[in-house]
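J.: Under the heading domain 'Mucolipin extracytosolic', TrEMBL lists 62-247. Annotation source TrEMBL lists transmembrane segment at 261-288, 318-335, 347-369, 389-411, 457-478. Taken from TrEMBL, the feature domain 'Polycystin cation channel PKD1/PKD2' covers 350-485.
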Amino acid sequence: MAHHDSEMKEESLREDLKFYFMSPCEKYQARRQIPWKLGLQILKIVMVTIQLVRFGLSNQLVVAFKEDNTVAFKHLFLKGYSGTDEDDYSCSVYTQEDVYESIFFAINQYYHLKDIALGTLGYGENEDNRIGLKVCKQCYKKESMFPSNETLNIDNDIELDCVHLDLQALSKDPPDWKNSSFFRLEFYRLLQVEISFHLKGIDLQTIHSRELPDCYVFQNTVIFDNKAHSGKIKIYFDSDARIEECKDLNIFGSTQKNAQYVLAFDAFVIVICLASLILCTRSIFLALRLRKRFLNFFLEKYKRRVCDADRWEFINGWYVLVIISDLMTIVGSILKMEIKAKNLANYDLCSILLGTSTLFVWVGVIRYLGYFQAYNVLILTMQASLPKVLRFCACAGMIYLGYTFCGWIVLGPYHDKFENLNTVAECLFSLVNGDDMFATFAQIQQKSILVWLFSRLYLYSFISLFIYMILSLFIALITDSYDTIKKFQKNGFPETDLQEFLKECSSKEEYQKESSAFLSCICCRKRKRSDDHLILIN
């Protein structure tokens, strides 16, 4: 009797394992049950993609509005702005007269803003809850310098002096503020002049898309940088746009109604993702229970532990990917609803969550293609080559870092693409991909023959090493894994304990899996409803 119970227990475990590793189509053939969970995933893909496209179109309007206003501010407040930034700064001046004219020009333009600006702009309050301009200058406390005698006497402590110019002070005629001692700049000890002010605006273009408009606060800063004391003062303009809740919106028409439809759609997406999250979490939980049954049985019958590869077969990585995607979609959808309701304005975080979740959703489609042998090669090749590729990249990365540091310290003063570590890494990665090679060679300054010769040796050796050797070896690793997978698909994969256990079929009906190598035969029988708690459905 005990032997019969043991056989029944073994047969029940084997059938549960076979049913767990079936594809949805094979499970449909086994139970004649429509794979509605698969349908839920397909519906989620459609809904999440539609949600992302709608949010992307709305986000484009926000980005365009910010960028257009930044360009408009530069033309409004920077004297002689050409429309194109000079390197990382907007423009530059070279004489004292030009500095004074540029400072006074920005201040006068601020005062006459409503008469000259084309946008829907108004004055905003600064950090001190005051409307107006805040002008600050930084100077060394004491400095006396005689370049002809090569002498210098300096106190490197910095003085900060600020003045606030409100609209009343700017409206005086003649303008007394121009003649104040504050604007008598001592350029030999001047470090920086900063003009900061706040403006408010409303983005009306969203109304054409039947969305509620956003109210913006622009924190604008004009910086005259003289820290180098090189005879060239760089002028930087920075505009930080912050979306705030509009205090009073009275919009007539279909805009308000359309916003309610969008909120209802986002709520429906949250419900779908929540259902998917619950089902995938349940599947992982039942998979762990099934694995525990198999481990205990194997240890009891064969007196040895199951290998790690078989243990990981029960952890479906696709379920983990779906759970992460669902969580990100739910949080992103909640943020999107708050943004549409004008309670929040964190577009960046919402974009990251929705964009990444949609990426994971579409990557998950590969799971269903993997059930067919013709499409399963990519997944199996990636799984087989990933450990070797990671080890190879770790070794190649050390060489890459060495070239990065070397190029930065040697070529940085002579080449724009080697000024900092970030641009050096980007430049070298572009060279590995064959991009912009001639320009990189040609832009090196020939001020030093030694550095010029070193740059040729540096670039030729890097390109030869990474393109002809390291990149070729990298491709060879993946090609080798691909050839191995093709041989295994033709001659059969090496069998583990789990696969050998599943090959012992006691039923007459067998199912040959196309996408998985370790299910050579699958038994299928009609299951009872009482056994549903033992079955794990993909």
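Placement of Cβ uses the backbone N, Cα and C atoms for every residue, glycine included.
Are these features on the surface or tucked inside, and what are their neighbours?
T.: Sequence-distant contacts of the transmembrane segment (261-288) (same chain, at least 6 residues past either end, Cβ-Cβ under 8 Å): 20, 37, 40-41, 43-44, 47-48, 50-51, 54, 211, 314-316, 319-320, 322-323, 325-327, 329-330, 333-334, 336-337, 340-341, 533, 535-538.
Within its own chain, the transmembrane segment (318-335) is flanked in space by residues 41, 48, 51, 266-267, 269-270, 273-274, 276-277, 280-281, 283-284, 287, 344, 346, 349-350, 353-354, 356-358, 360-361, 363-364, 367, which lie at least six positions past its ends and keep a Cβ under 8 Å from the stretch.
Among residues of the same chain six or more beyond the transmembrane segment (347-369), those with a C-beta under 8 A of the stretch's C-beta atoms are 24, 38, 41, 44-45, 48-49, 51-52, 55, 59, 62, 243, 318, 321-322, 324-326, 328-329, 331-333, 335-336, 339, 375-376, 378-379.
For the transmembrane segment (389-411), same-chain residues at least 6 beyond its ends with a Cβ under 8 Å from one of its own Cβ atoms are 418, 420-421, 424-425, 427-428, 444, 451, 454-455, 458, 462, 465-466, 470, 473-474, 477-478.
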J.: Averaged over the domain 'Mucolipin extracytosolic' (62-247), what pLDDT does the predicted model reach?
T.: 83
J.: What counts of helix, strand and coil residues does DSSP assign across the domain 'Polycystin cation channel PKD1/PKD2' (350-485)?
T.: 119 helix, 0 strand, 17 coil
